[in-house]
Every structure is written in structure tokens, then in C-alpha cells.
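Q: Below is one structure. I have some questions about it.
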Amino acid sequence: MSMTNYPLLERVNDPADLRRLPRAELKTLAHELRAFVLESVSKTGGHLSSNLGTVELTVALHAVFDTPRDRLVWDVGHQTYPHKILTGRRDRMPSLRQLGGLSGFPQRAESEYDTFGTAHSSTSISAALGMALAAKQRGDERRCVAIIGDGAMTAGMAFEALNNAGVADANLLVILNDNDMSISPPVGALNRYLAQLMSGQFYAKARDMGKSVLKNAPPLLELAKRLEQQAKGMVVPATLFEKFGFNYIGPIDGHDLDSLIPTLENIRGLKGPQFLHVVTKKGQGYKLAEADPVAYHGPGKFDPRVGLVKPATPPKQTFTQVFGQWLCDMADKDKRLVGITPAMREGSGMVEFHQRFPDRYYDVGIAEQHAVTFAAGMACEGVKPVVAIYSTFLQRAYDQLIHDVALQNLPVVFALDRAGLVGADGATHAGAYDIAFVRCIPHMSMACPADERECRQLLTTAYEQDHPVAVRYPRGAGVGVAPLPDLEGLPFGKGEVRRTGQRIAILAFGTLLYPALQAAQALDATVVNMRWAKPLDTQLLLQVAAEHDALVTVEEGCIMGGAGSAVAEALAAAGLQRPLLQLGLPDVFIEHGDPAKLLALQGLDAAGMQRSITERFGALPGAQALAAA
């Protein structure tokens, strides 16, 4: 991008450059930075609303703290584009979230300024506390700062960390980036003054001295505490953070550098755990994003002068939409159904369900552990819970899945969105492990629909069971196989032969069925749509194995412990020896990029499957014909 419109930003190649700027120029820098973020994201796609809301806070943090010596830990991390731009990665922004380019989240391997990798929520306070106490152990006076959003504060892990931090006496600053409220201008001026006063050395010393003097006069001390709280209560709600041992400061306007910088400077000189409450607005500075921050949360490419527009040709139906429609249809049919999501209403396709069945919709916040056990409790009382959750986020509730659901054999349906590779969000959001970690749990079953129609059908099958079942499906559009309007399921635990060929049989789990069919056409191979990773259709498997010289399993999940491993176990248990090639995701974390390109790099497109099969089984009888196919 041309830097002609960003003369001040062009001079900032790292935070040291920023700290050399006159304070009077920082507002101009913030203005240019916001415009640069908007231009950049409009060309690449990515997270927008959250990044527009953290511009001034990012500028203030790098202006006040000695980064990277002082540690900044950004919770979730999708709001770190301004941070990346100010820390030497401005010129790489055109590569954002592309194969080989910048990550959309902080990555330690990408920059020394990314002190901790984040993407899942509510981890920042724990990480920053660990850094702060490690520094204290070494006698290092560095500051450690956790920046966490109000949504992430709903997770239990954040409060576990606060509880630990309050008694650890570490030089930790927790900044609550609250973008779910606003401060009116009249309150803002008074609030700015009180925030600076309460964050100052004088206030801290006076408060401690007063407590010392009054320690033998409990009634007076209690009165002083009440007066202190009432003084703060003029402009802030009652807060529990001081109960955790933090010095609470705020709320202050997170877009006002004249308030942010002096407050942070005062806090920098304080010892012990500090809690700063800043109020920001998602989409700040771009009217369209301010008006609809959800729509502009993670847009694709767009013209910022026009905003988001609907495509002229309707896109293919996504698996998420298939789930959302099924949920509404099944709710119409069965009044016992309830839908549960851990703060992913839009992402999981539950908007219509929420609108139509508000009394049966439960958004429990970013609290995956609670969501799973909450569903278990409902199932105990005869309710039929459906938990809509991203595959990667179910990892956070693994103990609850085993202990609270499976151990009690409760009929909970888990709709696992974003199974497999997710493209631009990268390794942190990939659903690579669900087959492996679900199929090893007693009582649990795992369905792997191949297309939109099967997704709806297998959701129905899962719902009809009297034990827990997970249904995994990928992000994005399907293959164009329209779902049937009825609510008929498919046979539980049964697959089907989709193509009959010679010598080699490809056992496909999930949406890789379709590239497998393409590869089989060239190889004249049999293709089996397995549908279920657990229970495995052992009868069909052994029949196919007996009729073929070699077997190939394909899955968009980890090879280790995955569906291919289940096939190998079944063959071994039956005492049947057949050459077996397992194709899937290798034992590495796969980074961000275009999903089709990522699959091709792992050999999971049709050409890659054909190549791997030919290379592996070239020594079998008829290999010449196979190699020439």
C-alpha cells in the first residue's frame, strides 16, 4: 500500500520510534493508524471492528511501556493489527492471514513483541501473571500487562487467574477493554480526573497510610472503605476486582489519549496488581462498522467507501446454515429441544433459532466447560440439549465431556462446527483433533457427514440416540448437495459403498469423500463413505477389506488416533492383514492460508490422494496400470 496518506505512520517502524514522537503528534498517529487498518483489512479481509476499537489503547500502551521489555499479552488476539503495524510489520499487512504471511493473531515466532500466542479467549491474565512472577523471581522490574475484553471476562479461567494474582503481589496490570458500554461526555471529564487521581502515587500512599492508622479502629476503617467506594460509585459501578486484591482504576475513555497516557504513566509507577477499566467502541471511526460491529467483525474484501454488499449470485449453502435450519425444524417437531452455545450465536448459525425460540436458547458466554455440564444437567431432567460449539473450543471442556456427559451416558448432541482446517484463522482454530479425542471416550459416538444432505440427516440420527453423539462438519460452503426437507435420519453406525472399483478401496470420512471419488476415477478404486468414525461400520469394513488388496483411509483430521487408526484397530482385532495407507493431517500444527491450498499441501485434494496411493502401492500386481492412471 502507498504510504503517501500516512506520513507520520511511515516514520514509525517500531515502538521506540513512537516513543520519540512528541505527545502532541500521537493523536495524528492514531488517526493514520485507524485509516491504515481500514484500508488494509478491506483489501485482505480479516477482523475489523475489534481492531478499529483498540487503536488509541495500542498507541498509549507502546508510548508508555518499554516494549518489548515490558510484556503485553493480548487476550484472544484478533484485535492486534494496530499492534502488529506499530511493531515492524506494517509492510507485511498485505499478506495478512495468507499462506506464508502474517498471522491474524499474536505469534511468538513472528515477532519479539508478540510475547504470548493467543487466539482462544481468557488466557491473557494467567500468562501475564506467569511472566510477572518469573520476572519477580529474577529481580527484574519489568511490567507485564494483560489486555482482556469484557466478553472474555465471562470465562472461569480469567477469574481463576485474578484470584491467584491478587495474592501473588506481582507487578501485573490487567486492562479490561470494555466495548459493551459507553461513557457520556459529561461523565468522561470527571471520570478522567478521578481515574488519574486514583491511579497516582499520592492516592495509593494516602490510602495505605490511612489504613495503617485506622487498623486498630475497625468501625472507622469500615466507614473509610464505604466513603471510598461511594466516591468511586459516583462514576463507576460497584466492582469486585478490589476483592481480588487489585487496585481498581476507571472506567476511562479508551479512545482518549489525553486520559489513557497519564493514567498508564501513573499505573506504571505503582507496585502490585492493578486493574484498569477502559471503555472502547467496536468499529470506532468507521460509521458502518460502528452501526453493525457484528457484520464487520470478520469481513472479507470490500470497498470501504461502499461497505459490505450482498453477492449478485447467492453463495452455496454453508454447513453452518444447514445446522441452523435443522435446529429450527427439529425444535418445531420436539418441544424438548434446547440450543446451547458458548457465545457463538452468529458463528454457529443460531440467530434464527434465538429469534424463534428465545425461551429455549441459552448463550452461556465464553464458558465452554460450563456449557457442557449445563447441557448434562438439562439432559438429566429429560430435556434434549444440542450444544453448538466449534471443534477447537470443545477441547476446552474435555473433562466435562468425559466426566459429566459420557460417564453418565447422557443424550447430548454436540454440533461441532469448523471441523478440519479453517483456513485464514490457522492452527489455533483448526478442528484437527475431534475424531481422536471423541472416539476414545466410552458411550460417545462421532458422525462425519460428507455433504449438506448428510449433515442434516446425521444430525437427526444423533438426536434420536439415547447417548451422547458428536456430529462434525467443516467451515464454509458445502458441495452443493441440497438437504432434503424432512427430518429422516440415516442408519446409525452404517456406511455405504459409493463406487465399486478394483484392488484398492478408499475409506472416506466426511467431506473428503468427494476428492476421493475424483481420485478413484483415475485409479479405478472402490470408495466407501464411512459416515461414522465411531461406531465404525466393522461389518462393511471387513467385507471391503476381504475383497481388495489394499485399503486407504482419508480424513480431514489428525492421523494419530483418528479414523484411520480406528480402521487399523478393527483390522487387527479381526486378524485381517491388509496394506493400509492413512491419509490425513500430519503431526504438526498447520498454519493459516487458503483452505484449498492447505489441503493440497497435505496431499488431501484429489491429485494428492492419487499421487500418494500410486507411490505407496506401486509394487502391487497391476502396478503399471495404476501408475499410468
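In case you wondered, yes, glycine gets a Cβ from its N, Cα and C as well.
Because the structure is a prediction, the values reported are computed rather than measured.
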Q: Please identify which of Asn171, Asn179, Asn266 is recorded by Swiss-Prot as part of the thiamine diphosphate site containing His78, Ala119, His120, Ser121, Gly151, Ala152, Tyr286, Glu368.
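A: As annotated by Swiss-Prot, His78, Ala119, His120, Ser121, Gly151, Ala152, Tyr286, Glu368 share the thiamine diphosphate site with Asn179, chosen from Asn171, Asn179, Asn266.
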Q: Just name the most isolated of the binding-site residues Asp150, Glu368, going by other Cβ atoms within 10 Å of its Cβ.
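A: Across Asp150, Glu368, these binding-site residues, the one with fewest Cβ atoms within 10 Å is Asp150.
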Q: Near Asn179 (thiamine diphosphate binding site), which residues of its own chain have a C-beta under 8 A away, given they sit six or more steps off in sequence?
A: Ser50, Gly53, Gly149, Asp150, Val279, Thr280, Lys281, Lys282
Q: Enumerate same-chain residues with a sequence separation of six or more from His78 (thiamine diphosphate binding site) and a Cβ-Cβ distance below 8 A; give 'none' if the list is empty.
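A: Listed in sequence order: His47, Ser50, Asn51, Gly104, Phe105, Ala119, Gly298.
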Q: Go through His120, Gly151, our binding-site residues, and report the one whose Cβ sees the most other Cβ atoms within 10 Å.
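A: Most Cβ neighbours within 10 Å: His120.
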Q: According to DSSP, does Asp150 (Mg(2+) binding site) fall in a helix, a strand, or coil?
A: coil
